[in-house]
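Here the structure comes first, spelled out in structure tokens, and everything after it is commentary.
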Ligand code: GAR
């Protein structure tokens, strides 16, 4: 069975979409552990409800050893690390050990509205301010560059004049919940080739 670790920092609705996809037979993997970036986040409660192992690896406690601690927990235990609303940055050896085996969901059409400080509502506020007519979400591999790894899948949603950032967030999240399980399924079935910075999805 293909094994994944999920990292989260907040509500965990993307984590829930993984659990739901497994439960309804659309995703053939097991969530071995959920690692939270702080105590008290709802993502950890969702994991406990599913009787999945949980850990908290906070910057406050581990400082610049945070990624190493996550590597220690995951090395040899999982095939893929999924960042599902994980708002910290991974660095160091974990990126080498799990090369092309860490994916992230980002709530915009990368390379727009991404990079340093562009996460969560900051993204949707910037989208509204910019006047773009479309935004969306992206699943991409994680490398040394923030939101800079090869893009696996993207989905587009419209931005209407009447929308506020919360409206956009809701519309984008609905697509995230489909896109992330889809990307994981492609990886499970070995359907993804990375050529330089581009992903080819094998038919
Ligand atoms: C999601 O919109 C996700 O794309 C975003 O945080 C939210 C988490 O929601 N991630 C980032 O901004 C990463 N740069 P969730 O906790 O309900 O899954």
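Cβ coordinates are placed from backbone N, Cα and C, and glycine is handled just like the others.
A TrEMBL annotation is a machine prediction, not a hand-curated record.
Per TrEMBL, these features apply:
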ACT_SITE  106  active site, proton donor
BINDING   12, 13, 14  N(1)-(5-phospho-beta-D-ribosyl)glycinamide binding site
BINDING   65, 104  (6R)-10-formyltetrahydrofolate binding site
DOMAIN    3-184  domain 'Formyl transferase N-terminal'
SITE      147  site 'Raises pKa of active site His'
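DSSP assigns residue 14 (N(1)-(5-phospho-beta-D-ribosyl)glycinamide binding site) to a helix in the three-state reduction.
For residue 12 (N(1)-(5-phospho-beta-D-ribosyl)glycinamide binding site), the nearest of the recorded positions by C-alpha distance turns out to be 104; the candidates were 65, 104, 147. Looking at 65, 106, the recorded positions in this record, the fewest other C-beta atoms within 10 angstroms of the C-beta turn up around 65. Looking only at the recorded positions 13, 14, 65, 147, the one with its C-alpha closest to the residue listed as 'active site, proton donor' is 147. Candidate recorded positions: 13, 14, 147. Nearest to residue 104 ((6R)-10-formyltetrahydrofolate binding site) by Cα distance: 147. With respect to Cβ neighbours within 10 Å, the recorded positions 14, 104, 147 differ, and 147 shows the lowest count. Among the recorded positions 13, 14, 147, the residue whose Cα lies closest in space to that of residue 65 ((6R)-10-formyltetrahydrofolate binding site) is 147. Same-chain residues that are not part of 12, 13, 14 yet have a Cβ within 8 Å of the Cβ center of the N(1)-(5-phospho-beta-D-ribosyl)glycinamide site turn out to be 8, 10, 11, 15, 16, 17, 43, 46, 84, 85, 177. Counting other CB atoms no more than 10 Å from each candidate's CB, the binding-site residues 12, 13 peak at 12. Here the Cα atom of residue 13 (N(1)-(5-phospho-beta-D-ribosyl)glycinamide binding site) is found 20 Å from that of residue 147 (site 'Raises pKa of active site His'). Ligand 1 lies under 6 Å from the Cβ of 13, 106, out of the recorded positions 13, 65, 106.
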